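Database features (TrEMBL):
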type	residues	note
DOMAIN	B:54-145	domain 'FtsX extracellular'
DOMAIN	B:167-279	domain 'ABC3 transporter permease C-terminal'
TRANSMEM	B:21-46	transmembrane segment
TRANSMEM	B:167-191	transmembrane segment
TRANSMEM	B:212-239	transmembrane segment
TRANSMEM	B:259-284	transmembrane segment
């Protein structure tokens, strides 16, 4: 369902972020994209959401080249994808409820439906009681769970998580990944998580794609990752 | 309606910029409304004067009725007049007596022979007074011609100048307001850059992102126009007795509230258009959605 075909991405000054990447991820998979900083993990995720374009190659979702999609159809493409950003990207002036409701507002859903769906997702991530809090009033784990709730609220086919445990303590990090695992299993959502946290990767025994200097160095089912 | 509520909520989060934009619009439309009222008022004064007899021609004592009829027909044949009224010596005496009834000294020893017969001529357009004056003056039977030509000419000139000055002044203010709206909305786009980027990443269309800014621009305009109309209405309500007293018989007040409703609707429409146009340029210039 998600396919990278000989994808190369070069930034300005011929700096290579990804080089000739071939990758095939089937629906409902949970994949860790691992590698040291600068290996191209974030670039790979940004390509999927069409935040950036590849220098060459194709990326297909459900057999459709997403870069052949006209710009006016990009919003529809993005609605199939939920993203948990490395820096959370929560709106500080909005409450937890309002942040999570954003993707549904964008879909112009009715307020009563938004209320119901947001409450259900907040319950799932364990934040129902903190719905009216602002992000500044939450702990690191709660902020991350809010970001996850926002990413899954519109029932995306694919969930992308870019270093979601980077600033979390090991216990909180484990609970966050457990939540992603639960979403993957219960909703059959395809999860791609970029990380360099070896402990987490080795604990969950999922498919591991190792990127090194923009190339796929290893791709193993129930793989392991030995950082630095 | 939901979008309007959301936009108002956003405006309340940074009220000073919103206030600046709305006040700039208010000032523009306040001045515009004043000019509109002045131009319309000037036109009413002009119409009043145009409807009065503007040329009065006095005949020599020995002018026969036939000659007078001839002159009246000649004036009418120009097609430039609305009314020509012949005032006989007797009617002139009656008018004289009526005007001076409180001063018996002036009525003593005045008979109809003492006053000349005349014609009161009303012209269709003020600028034709000169031509009609020439027609009557060319007749040897006419002794004297009285005309307020200069006053009307001055009034026409002033009305035109007011209209032109108003257009230039209001256009300048409108341009300034337009630039302020572009600047304010541009700033708000910059402030909400993160939010816009997140909205775009969760699947918002460009139209969904842009809509609140269009509403914001329109709201600035409508708010500005409404405030200005309200201010002018209150000012006129307060000063109308003084203005009416100054204008004497020229009836301008009370102005029907319907006039202000129409003026508000017109100005709100123009203001909303200016606001939306400003928002469009700001969005085109500053909104970068990947």
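Positions of Cβ are set from backbone N, Cα and C atoms, glycine also.
Between the transmembrane segment (B:21-46) and the listed ranges B:167-191, B:212-239, B:259-284, the one holding the most Cβ pairs under 8 Å is B:212-239.
Within the domain 'FtsX extracellular' (B:54-145), the DSSP-based counts of helix, strand and coil residues read 42 helix, 22 strand, 28 coil. With a cut-off of 8 Å between Cβ atoms, the residues of this chain six or more beyond the transmembrane segment (B:259-284) that come close are 25, 29, 32-33, 36, 174, 177-179, 181-183, 185-186, 189, 210, 213-214, 216-222, 224-226, 228-229, 232-233. Listed by sequence, the residues of this chain that lie at least six past the ends of the transmembrane segment (B:212-239) yet keep a Cβ under 8 A from its Cβ atoms are 3-4, 6-8, 10-11, 18, 21-30, 32-34, 37, 177, 181, 184-185, 188-189, 253, 255, 260, 263-264, 267-268, 270-280, 282-283, 287. Regional average pLDDT for the domain 'ABC3 transporter permease C-terminal' (B:167-279) in the model is 88.
Taken through DSSP, the domain 'ABC3 transporter permease C-terminal' (B:167-279) splits into 99 helix, 0 strand, 14 coil.
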